[in-house]
Structure formats: structure tokens, C-alpha cells
Amino acid sequence: MNATGTPVAPESCQQLAAGGHSRLIVLHYNHSGRLAGRGGPEDGGLGALRGLSVAASCLVVLENLLVLAAITSHMRSRRWVYYCLVNITLSDLLTGAAYLANVLLSGARTFRLAPAQWFLREGLLFTALAASTFSLLFTAGERFATMVRPVAESGATKTSRVYGFIGLCWLLAALLGMLPLLGWNCLCAFDRCSSLLPLYSKRYILFCLVIFAGVLATIMGLYGAIFRLVQASGQKAPRPAARRKARRLLKTVLMILLAFLVCWGPLFGLLLADVFGSNLWAQEYLRGMDWILALAVLNSAVNPIIYSFRSREVCRAVLSFLCCGCLRLGMRGPGDCLARAVEAHSGASTTDSSLRPRDSFRGSRSLSFRMREPLSSISSVRSI
């Protein structure tokens, strides 16, 4: 049907689709009920919600830029943890940038986009969210494998494997996000279209939901196993310091699981209801979709706090980066700022130097296994 509610001839819809005309987006939005109460496609007022969305996306971008700059410039360690942190930060940075572009191209600008541009706008956000989720899955898998299989592995082999899995994460995320652009959509098949994302097929959304639900369930299962391993290690530890370390790890795992449930649960529930619900239901909860999507994107702002600032090494890197920036600008902050920066540099050098004897142990037959096992099982997990 068209904007006035009269049916649209299939041949005219196909002609619009073949020509990539923006009028096709108006037809799909009108059929799904998204134009109800808007005053027409030229009504672009989003008000305070749009401002909050822009602020949230800018927060995600700036926060991840800060962590990325600090990690790459002030962390000397190049273990697998380093590459996982960089990968998670990059994916969260892309999530914030994609969400910002999505918000700025929404409203009245939506109806000036060609269908391919609309698919690119939404697909980029799907790709970024998928890359962030797959990166968290890879990190959880590496962390679990390091705990249950503390076997010596050459640095080159480990690095190649990490690079391979990171590349696979991004390849799968890009493929998942661009499937509608490649043809899995519902152009001119209005009965198969989503109500919340009018050009997306309900089957495609259900496919994404199954994948994301499987990934998140796997992540929670891995962290549940890590929780039990760390709890068992803490109970067996005879020293108070080891027990405190185990409790710190337990708190980190609980924070990760809670962040996933709070940030991702509402979005999955909304999309699942969209697949099996009606257009009337979608119209009623349309405004809630914007808030729920913003909540999911805010998970990319929570990730640097959980994964980075719970690590003393990354905390030192961020503090050193900020203090060095202030000193370059000639700003003298609190008296302990310079002292903390010096401490951060000395701590990083100490960490770096402590890794060198570990390499020499690899050449020693008598100390080859027992000296590395505790470092692989506990301290590598603690560093995220």
C-alpha cells in the first residue's frame, strides 16, 4: 500500500526496487505502521531522545578511543591478552561510530536514503554489534582454554592463532551484517517484513537472534566454568593474597555476566516479539526500541570498564597516558599525578622485565613446566 493507505501494484513496487528509489522505503515504513503518528515522512523531530542517543554514542567512541590509545602506546606486553583487549576495544569503537551514524541518518533522512543505503546503515550497526559479541566470545574461549590447558606454546604459534581467530570474528560479523544487502531481505514482500526494521525479513532477524543467543549462552557457559575453576582455586589457596585474587576474579566474572543480561536481554526480547508479534504490537512499543537499542550499545561503554580498568596493568597505562597528555599541554594537576605516571612507567617496565626471565625459562629443561603453569592458569585471567 502507499502513503494514503491504498494498495500498491506489485509491478510498481518491483520497479521502485529495481531503480533503487527511496520511495520504496516510504512504502515499507507505511505498511509496517512506522509512519503512524509521525505526521508523514518529513516529520523528523526526535527531540531529547536523539540528543541522548548522540551523547551515548559519543561517550562510547571517546571512551574506547582513550583505552585504545593507552593500550597501544603504554602497554609493552604483547601476550594474547593484549590482542584480545585491542580487538574488543576496536569492535566497541566501531559500535559507537555505527550507532552515531545510524542516529544522524534517522528521522526524515531515512526517507531520502536509497534501499542499498538503508541496508548499509542498519547492516553496519549489526556488523559492529556482531563483531563486539564475537570478540567477547573469543576472549572468553581463550581465557577458559588458558586455564584448563596450561601447556607451553611458542609465541609465534600463539600469535598466529590469535590473529586467525580475530580475522574470523570480523569476517563472520561482516557477512552477518551484510546479508540483507546481498539479497536476504523482504523488498516488496510486505507480509514477510519486520515491523521494527521494515526492510528486514523476519527470518533474517530470527536467524540473527539464534546466532546471538547461542553466542551469549556460550559466553555465559564459559564464564560459569571459569567461575567454578576460580572458586576452586581460591578455596585451595593457602595464602590470603591468593584468596583475595580469586575473589577479585569472581567479582569480575559476575560483573561481565550481569552486564550481558542487563544490556542485551531487552533487545533480544524485543526482536523476538517482533518476529512472532503483530504490527499493532510493534507500533505500541516502537519508542521502546530506541531506548533498548541504546542500552545494548551502552554495553560497548561498559566493556572497557570491566575488561580494562579491572586490570592493574591497563589502569596504569590509561593513567600514564592521561598524565603524559596533561604534562605535554603544560598542565599541572594534583601533586600525585606525576608520581602516578612515573609509577605507571616503572610498573610497565617491571612487568616487561619480568617477562624476559619467563622466556629464559623456556630454554631451561628443569624449570620448563612448573614455572609457567601458575602464570598461565591464574595471572593471564587476572590481566583482563
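The backbone N, Cα and C atoms fix where each Cβ goes, glycine too.
Per Swiss-Prot, the features are:
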type	residues	note
TOPO_DOM	1-50	topological domain 'Extracellular'
CARBOHYD	ASN2	N-linked glycosylation site
CARBOHYD	ASN30	N-linked glycosylation site
TRANSMEM	51-71	transmembrane segment
TOPO_DOM	72-84	topological domain 'Cytoplasmic'
TRANSMEM	85-105	transmembrane segment
TOPO_DOM	106-117	topological domain 'Extracellular'
TRANSMEM	118-138	transmembrane segment
TOPO_DOM	139-161	topological domain 'Cytoplasmic'
TRANSMEM	162-182	transmembrane segment
TOPO_DOM	183-206	topological domain 'Extracellular'
TRANSMEM	207-227	transmembrane segment
TOPO_DOM	228-252	topological domain 'Cytoplasmic'
TRANSMEM	253-273	transmembrane segment
TOPO_DOM	274-288	topological domain 'Extracellular'
TRANSMEM	289-309	transmembrane segment
TOPO_DOM	310-384	topological domain 'Cytoplasmic'
LIPID	CYS323	S-palmitoyl cysteine
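Using the rule of three or more Cβ pairs under 8 Å, pairs at least 6 apart in sequence, the transmembrane segment (118-138) is in contact with the transmembrane segment (207-227). Between the C-alpha atoms of ASN30 (N-linked glycosylation site) and CYS323 (S-palmitoyl cysteine), the distance comes to 53 Å. Tertiary neighbourhood of the transmembrane segment (207-227): same-chain residues 126, 130, 133-134, 136-137, 140-141, 143-144, 147, 176, 249-250, 253-254, 256-257, 260, 264, 268, 271-272, 275, 381, selected by CB-CB distance under 8 Å and a gap of 6+ residues from either end. All chains included, 22 other C-beta atoms sit within 10 angstroms of the C-beta of the residue listed as 'S-palmitoyl cysteine'. Break the topological domain 'Extracellular' (106-117) down by DSSP state and the numbers are 9 helix, 0 strand, 3 coil. Remark: the transmembrane segment (51-71) contacts the transmembrane segment (289-309), by the rule of 3 or more CB pairs under 8 A. The Cβ of ASN30 (N-linked glycosylation site) has 21 neighbouring Cβ atoms from other residues within 10 Å, across all protein chains displayed.
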